[in-house]
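Student: Here you go, one structure.
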């Protein structure tokens with residue numbers, strides 16, 4: 001008799017995507033981040049669900065309800081900090097996952113890549129709205145500054161911002177709708193993840209060499225299930241270290257002050273995972289230009305497949321591109337640092353140089369490097 005996992009309509013789907021899935025025999029730890037992102041999403045949905053049971057999305061009680069969760073709810077502090085730091089781990093995995101895709105040329109799987117970009121935008125939107133919910137100073141002013149950016153859109157900008165706010169400033173209506181969106185988006189993300197995987201399984205996984213691996217496949221289970229579990233353990237260890245030893249390390253002290261529309265904090269800045277984009281936004285001395293640069297800093301991922309002119313898919317055997325890739329990583333770290341600094345000399349100039357370098361590497365230098373490497377192949 002055939003095994004039930006191969007015949008049962010529901011189990012058959014699970015079997016084809018998690019058990020008997022043919023996987024390349026040489027995928028490295030960089031391929032762990034997909035499953036780690038799945039784990040992060042599950043952690044966020046579960047902790048978020050329990051937080052939502054005790055949270056109130058009203059301007060008068062939001063801050064107090066978060067305090068109540070931390071003080072009076074059983075292990076509420078743990079749930080709250082798991083959720084807050086879980087978001088940080090989520091973005092660490094996200095950026096590693098995207099970086100892996102760029103390095104090994106995974107963006108040639110167009111549908112998978114494009115769904116991935118939509119997922120990135122969705123996760124960023126969710127994280128932004130979640131940051132507003134505790135209704136501290138940085139929540140309020142972050143929401144005010146970022147939503148205000150939409151007013152740079154010609155003609156409809158101001159109307160659009162007031163429509164999003166549900167009034168003439170960030171207030172009760174804004175908080176309530178942000179809570180509603182913050183609750184629903186993770187489930188939309190989960191659905192998009194299914195589509196992401198559906199498209200991935202049409203082609204199969206890429207591998208470090210960038211060479212088709214159809215001639216050398218191994219079953220996902222037990223080889224990669226055990227490898228994924230090791231990743232899960234390491235991620236959980238890191239998250240628990242963060243939550244139990246320094247839960248506020250990545251947060252902003254200003255968010256422990258209740259929101260006050262009459263008092264602007266000296267330095268308004270987003271969470272660390274948005275600082276690179278924030279630095280790019282600030283480095284352009286024009287509102288609309290800054291907003292366009294901000295959107296393009298992420299949307300530029302969509303043109304990677306168009307700029308791929310190398311004869312090799314992966315960067316594994318392309319030393320010039322490798323050097324440029326790691327300069328790009330260093331540049332993003334520089335931008336992240338600049339995003340957290342005040343707008344004054346020399347940070348302004350460093351930010352502008354780093355922003356120009358970011359776009360130059362992607363749009364000009366990497367394609368040029370590919371041309372040179374193609375030439376070298378002929379010698």
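Each Cβ is built from the backbone N, Cα and C atoms, and glycine gets one as well.
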Student: Between 157-177, 178-198, 199-219, I'd like to know which one Swiss-Prot lists as transmembrane segment.
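Tutor: The listed stretch tagged transmembrane segment in Swiss-Prot is 178-198.
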Student: The transmembrane segment (178-198): which same-chain residues, six or more beyond its ends, come within Cβ distance under 8 Å?
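Tutor: Same-chain contacts beyond the flanks: 17, 37-38, 41, 44-45, 48, 52, 55, 57, 112, 115-116, 118-119, 122-123, 125-126, 129-130, 132-133, 143.
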Student: List only the single closest residue to residue 83 (heme b b562 binding site), chosen from the binding-site residues 97, 196, 201 by CA-CA distance.
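Tutor: Closest recorded candidate to residue 83 (heme b b562 binding site) by Cα: 97.
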Student: Check for me, if you would, whether the transmembrane segment (288-308) reaches the transmembrane segment (320-340) - at least 3 Cβ pairs under 8 Å, residues 6 or more apart in sequence.
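Tutor: The answer is no, given that the two segments have fewer than 3 Cβ pairs within the 8 Å cut-off.
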Student: Roughly how many Å separate the Cα of residue 182 (heme b b562 binding site) from that of residue 196 (heme b b566 binding site), to the nearest whole number?
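Tutor: Between the alpha carbons of residue 182 (heme b b562 binding site) and residue 196 (heme b b566 binding site) there are 21 Å.
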Student: What number of additional C-beta atoms lies within 10 angstroms of the C-beta atom of residue 83 (heme b b562 binding site)?
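Tutor: I get 21 for this one.
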Student: Let me spell it out: take the transmembrane segment (320-340), skip the flanking residues so only those 6+ beyond its ends count, and list any with a Cβ under 8 Å from a Cβ in it.
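Tutor: For the transmembrane segment (320-340), the nonlocal Cβ contacts are 99, 102-103, 269-270, 272, 274-280, 282-283, 310, 347, 350-351, 354-355, 357-358, 361-362, 365-366, 369-370, 372-373.
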